[in-house]
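**Student:** Got a structure here, written out as structure tokens. Questions coming.
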Amino acid sequence: MTGDANAAVEGLVKAGASFVLVNDSHGPMRNLLIEDLHPAAHLISGSGDAKEYCQLEGADSRPFDAAVFIGYHAMARTPGAIHPHTIAGAAVAELRINGRPHGETGLNAAVLGSFGIPVVLVTGDSTTCAEARAFLGDQVETVAVKEACGRNAAICRPPSATRPEITEAAARALRRAADIQPYRPERPWRLEVDFLTMQQCDRAARVAGVERTGPVTIAIPGDDPWQQYRVLWAAIRAALYEPASWLG
């Protein structure tokens with residue numbers, strides 16, 4: 001993953017980027033090796049419970065011209081994809097904006113779109129790249145680095161082939177950023193989440209700003225996507241909470 005991130009940063013720098021912020025945002029969110037990271041990259045590293053804005057931490061820290069999503073995966077319940085899930089596979093069955101199911105690609109692009117930031121490049125498996133184009137249009141650059149042959153298996157292309165492609169795609173994408181439209185679902189959003197269990201929904205529904213609308217469903221009303229996203233992440237963290245055995 002560090003190599004793919006570096007490939008993207010190199011392309012962005014080639015295209016004239018003066019500042020690149022990298023948010024490590026998969027799993028434990030401490031995956032990237034800072035000692036091996038591109039010297040132009042500034043890294044946000046740390047566990048998800050320390051990040052108020054999860055995968056978008058830092059997006060409000062300064063004006064940004066574009067965003068790139070490296071190593072993304074398809075949304076929950078997507079066939080023909082590697083490890084498809086939405087934010088937290090152990091809790092989230094489906095996430096919707098205005099009734100349309102969204103994965104992390106669509107959700108994160110929509111929140112960034114509220115700042116006027118376009119997503120210009122997405123990398124991942126071939127199904128994820130197709131999902132990106134379905135949400136963001138053919139204007140988005142994509143690089144498919146693997147093809148699923150099962151939920152937990154893939155035919156992976158060699159990094160010696162994919163990393164130069166990522167570099168060139170990132171450079172092309174940033175040069176075209178001014179012509180790429182941000183993804184902006186109609187506001188105010190109806191942001192909804194279906195959880196896997198009622199117990200998870202019980203916990204999520206206690207978070208301020210959350211409305212419970214069904215046995216396993218919550219809604220997060222409002223007209224500020226950035227704050228709706230913050231509440232969403234707090235609700236998912238609450239849903240994932242498991243009490244210590246002595247509390248049971």
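Using the three backbone atoms N, Cα and C, a Cβ is placed for every residue, glycine included.
TrEMBL: automatically predicted annotations, no manual curation.
Because the structure is a prediction, the values reported are computed rather than measured.
Feature table excerpt (TrEMBL):
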type: ACT_SITE; residues: HIS85; note: active site, nucleophile
type: BINDING; residues: HIS26, HIS73, GLU104; note: Zn(2+) binding site
**Student:** Highest Cβ count within 10 Å among the recorded positions HIS26, HIS85: which residue is it?
**Tutor:** HIS85
**Student:** Once near-sequence residues are set aside, which residues in the chain of GLU104 (Zn(2+) binding site), 6 or more away, have Cβ atoms under 8 Å from its Cβ?
**Tutor:** GLN55, TYR72, HIS73, MET75, THR86, ILE87
**Student:** Can you list the residues of the same chain, besides HIS26, HIS73, GLU104, whose Cβ falls within 8 Å of the Zn(2+) site's Cβ centroid?
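**Tutor:** So the additional residues around the site are SER25, GLN55, GLY71, TYR72, HIS85, GLY124.
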**Student:** Cα-Cα separation of HIS85 (active site, nucleophile) and HIS26 (Zn(2+) binding site), in Å?
**Tutor:** 12
**Student:** Relative to the Cβ position of HIS73 (Zn(2+) binding site), how many further Cβ atoms are located within 10 Å?
**Tutor:** 23
